[in-house]
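**Student:** Structure incoming, see below.
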């Protein structure tokens, strides 16, 4: 039995690796080559080009490789095919080749085709057009043959024992077939002039064909499960079509509500208990897409009325709830309890409303001036009273598992659920709050961003990447006794870079004092985290090397935090432009989490022979790094970047323009 299980696992892993290779090959031969031909201008660049068409960018660049890899991985678990099955595969491949070639011939013979960069004139392909015709023909044969192989595999399993076929369908992996098929059909229809409703209808029809074919192969017992999976696929498909629809007003402030809705949708999936991490990523991505589409359509209107804004928020929450409920039915056969549905989509719904409120109040100058402060206060209370409760429920589940001395696998899954909920909900709440502050603040109160230093940013990225690489390879090439010294040296080098960056100065004593105070807290917290996780908690003892590394980590985190809340956003020379400010925050965030984690990994206590508490030392240190990051961004970074204290100069007798309100304080440069 054990040998059979190992053999099956080996076949699954082999099929997975084969699927990844096929996906990479399809990407290179499809989107990769077409992108190279486009850059080389081997088509007519006066006509609509490669990046004009959704099916050529998102379709060829993402959907088709995923479909190819998933289909091959799922259909080739069996060692070989019988003669009749090989005949079916050959017939399918030939039929696909003929169908693909037929579409290209029909397109070439059309006297009034829709011209583009591959077909610059009727009856004439450019070089890129000939390559695209060959690729499409071969791809048609491949996909029809691979789909036939998967169909034969399902039929074989259903005829022997129906259990494997049902288990194969009742999994997250089935979306690797359904979502690419429906989404590609929808995007292709939009490229050919179909409306959003028509594209959604064609996508639903394609899913019905797949469901019917699966039922014919695996039997009627599979059809209800496939219907649930089709429902899961159609929601993100429609939302993806919405997100790729040209809109009248696309600015950072109109896109932020859609990002907030997507993060809220991903957070809602944390109520589901799913096995593998990649499955969690797929589920969260589908829910994020489903939730973001309606909000994007409303937020990007030229003028947003109040009722459509509220309806879009409600529809976003409904679609996220449907995704969570359908995922529960697909994976477990039953829907989650109402309490957990409310704990998922219900608790993050106010975050979406707050994000949309910032977009709405931005266009209503008088309303924002009269009710802006009240709106901010009510939004804060709403987030604390509703969204924070959902986070508390996930924390309570982790605490209960730890108190019950749950198995490590169960505790790890519970923590993963909590992290997913907390990180996505926090990011959504942060963006929504910034959007609301921007929408309710007069344009003349924002500072004009002037500082943008690409050399500094490049140096920071290169140095941080080099230090991370050194610490990653230290475990393989450096002696254990020398690793703590190397970790201390890396932290000292990064501290030197941060102190060099602090030469730019602060905008005032308040900013400097606040940044230093938060830095002291962050540094002390991470110093104690290294001492506790690699020493005290696991009864390892704390030697001099551990103390030195802990002190170096604390100083490193403190210096990074000081720069993050200070000159990274606003220095003595002025305000940093929004793009560079966000990139500075990203670099500082990576350093705050990665360097302490990797430096502590060089200590002997990072991997104890026996653990005295639940959880590994490095896992606890990583958790503490994220806590510090949340503290710094919430308490220092966000208030510093969104405090409207300066005034943009305006000609005498004129009010400052309201248009600058669509930007953060350091944006208008």
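Each residue's number is its place along the chain shown, starting with 1.
From the backbone N, Cα and C atoms, a Cβ is placed for every residue, glycine too.
Bear in mind that TrEMBL entries carry predicted annotations, made automatically and left uncurated.
Straight out of TrEMBL:
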| type | residues | note |
| --- | --- | --- |
| COMPBIAS | 640-652 | compositional bias 'Low complexity' |
| REGION | 640-669 | region 'Disordered' |
| TRANSMEM | 20-41 | transmembrane segment |
| TRANSMEM | 196-218 | transmembrane segment |
| TRANSMEM | 225-246 | transmembrane segment |
| TRANSMEM | 252-274 | transmembrane segment |
| TRANSMEM | 281-299 | transmembrane segment |
| TRANSMEM | 305-328 | transmembrane segment |
| TRANSMEM | 367-387 | transmembrane segment |
| TRANSMEM | 455-479 | transmembrane segment |
| TRANSMEM | 512-533 | transmembrane segment |
| TRANSMEM | 545-566 | transmembrane segment |
| TRANSMEM | 578-601 | transmembrane segment |
| TRANSMEM | 613-636 | transmembrane segment |
**Student:** Counting only residues 6 or more past its boundaries, what in the same chain has a CB within less than 8 Å of a CB in the transmembrane segment (305-328)?
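**Tutor:** Same-chain contacts beyond the ends: 228, 231-232, 235-236, 239, 261, 264-265, 268-269, 271-272, 283, 286-287, 290-295, 297-299, 334-336, 341, 344-346, 348-349, 352-353, 356-357, 359-360.
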**Student:** Given the cut-off of 8 Å on Cβ pairs that are 6 or more apart in sequence, determine whether the transmembrane segment (225-246) and the transmembrane segment (578-601) share at least 3 such pairs.
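**Tutor:** Answer no, regions not in contact.
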**Student:** Is it the case that the transmembrane segment (252-274) and the transmembrane segment (20-41) have 3 or more CB pairs under 8 Å, with pairs at least 6 apart in sequence?
**Tutor:** no
